[in-house]
Each structure stands twice: as C-alpha cells, then as structure tokens.
C-alpha cells in the first residue's frame, strides 16, 4: 500500500470510483436516458427510445427512435446516426452528418449540416456560423452572422434568414426571405457559455480527485512532483512510453476471446490512469513554478495548476494550448508511472530484506 489503509480511505476510494463512472465516456444503455458525463455516446448499432444528455461531447452514432435533447461543448449526429424524432441541441458546435427525421432546433457557436446530413422537418437555428452542405426537406429559419451554402446543399422548403449568405442561393427551392426580426438573439454566446459551464464541471471533478490524492497519499504525491521538477524530460519520455505502450498491450489482449474482458477492464483502468496523470501533471508543474518564488504549499499548487489548465483550454489559441496540455499530461503520466515503479521496487527490497533477516535469525542445525 502507498499509505496505511483505513475504512475511511476505503470509503474515499468508492467515491473516486463513482466520479470515474460519471466522467469517462458513457455508452447509452437504457431505453430512455438522461445522461451526464464527459462524453455521452449512443454507439453505432445501438438503439434507444430517446436521449436527454449533458456533457462535454454528445455523440449519436446509433439510432434514437424518439427525440434527442442535448447540451454540450460538441453535439454530433454522426453519419451512421439516426434520430427518428426531433433534435434540440445547444453547444459550442452542433454537427449533423446523419439523419434527423423530425425538426431541428439548434443554438450554437457553429451549426454544420454535412453533405451526408439530412433534416426531414423544419430547421430553426441561431448560431454564429451555419454551414449547410446537406439536405433540408422542410423550411428553415436561421439567425446567424454567416450562412454558408455548399454546392451539394438542397433546401426543399423556404429559407427565412437574418445573416450574410455565402454560396449559391439557387439550392433553395422555396422562397428566400430576409427577415431582420429573426436576429441571432445572442445564440453565438451559447457555445462559449456551454464550453465554460462544462469546463467548470471538469475543474470541480479534477479538484476533487486531486484533493483525494494529496490527502490519501501525501508522500507519494510529493514524490510525483519531485520527478517532474527533477527530471521533466525523463518523465515525459516515460509518459510517451506509457501512452503508446498500454494501448498496444490492450489491443493484443483483445485479439483472443479470453483476453477481451481483460482488455475492456484494462481500458477503463487506463482511462483512470490518464486522468490521474493529467491531474498530477498540472499539480506538479504548478508546484515547481511556485517553488521558484518560494511558495511550497501543495494545496495552492493543486488549485493553481488545475485552474490554469482550464483557462488554457478556453483560450482562442488551440495549437499552443493543446501542445502545453499534451506536455503536462506526458510529464504527469510519466512521473506517476515512475513513482509507482519506485514504490514497487522499494517494497520488493523490504520484502527481500525481511526474508534475509528471517534466514539469519534461524538457529543453525548440525
């Protein structure tokens, strides 16, 4: 054990498991679902009656025979996805690449109907940018900054709009009417708002997990931070090895029928390891930076690191933010793996010493 075990710590571990169940990707399994999580997914080949979801990403790759109501940073009906009823969606981006038989009511930073996307009913949308490259069988009412009409787009009904239109308006078979009364009505703000709401949810979960790690395993956590501060390059290289190596092992296990359950369980465990590595990464980097100015409070380092991670993810500088986040994940994951290995090795040495001592103390026999 990393630290001395107690029933109270056992209860805390149960809480961690519950948090994991609420944040790892959630396949929809019930017939009528209200789901909340980091990622909510209707898998390809899966069929459910209806779906109500809130998450960072909501994906419909299977079939929903009824209505879908979704709020998320990214809401997608994939090319294999089919919604038999209406779709109500709010998010940073909403993408329809599959089929929605009913109406679509969307408020987002961007709304995209791809070439493979089809909306059978009426489209009502408020967004910053609306891109239509697929098929609308009904009417459309759109308030946006820009409407982009693709060459393959087909709008069978009327289009009422308040926006700047780019593309060939001949794809609209019905009447084309500009209506300033539609307006955007603040719809572009819904995307960033949904993104920040989800970011706050992620921050709360990460803070809780980080607090549990620091409270339960203080010496181990300090060791992880020490690996990052002392040998960041080595920790990063180990992190790359873990990030690439474990999935290869899991895929190899999945090849055999016997190994499939182990592979599935290993996948969930790997997701937990990535999460812990991410939290430890921001904690360790912040602890190192704060130590440079004479601040050694680990709780302050946890808060500063995780808040910085959330703020960085929301900045409109995606490449820089993604590179920094990847670096933090790699060093955190590598330091976590090195600390685990070091603990295991020390345990082996202690066990070996005890066995050697026991043999030495045994009375000699003639």
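First residue shown is number 1, and so on along the chain.
Glycine is treated like the rest: Cβ placed from N, Cα and C.
Just so you know, TrEMBL annotations never went through curation; they're auto-generated.
Sequence annotations record features per position, and here TrEMBL assigns transmembrane segment to 193-217, 237-262, 268-292, 299-317, 323-341. The domain 'DUF8173' annotation in TrEMBL covers 199-344.
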Integer average pLDDT (0 to 100) for the domain 'DUF8173' (199-344): 88
For the domain 'DUF8173' (199-344), the number of residues DSSP places in helix, strand and coil: 132 helix, 0 strand, 14 coil
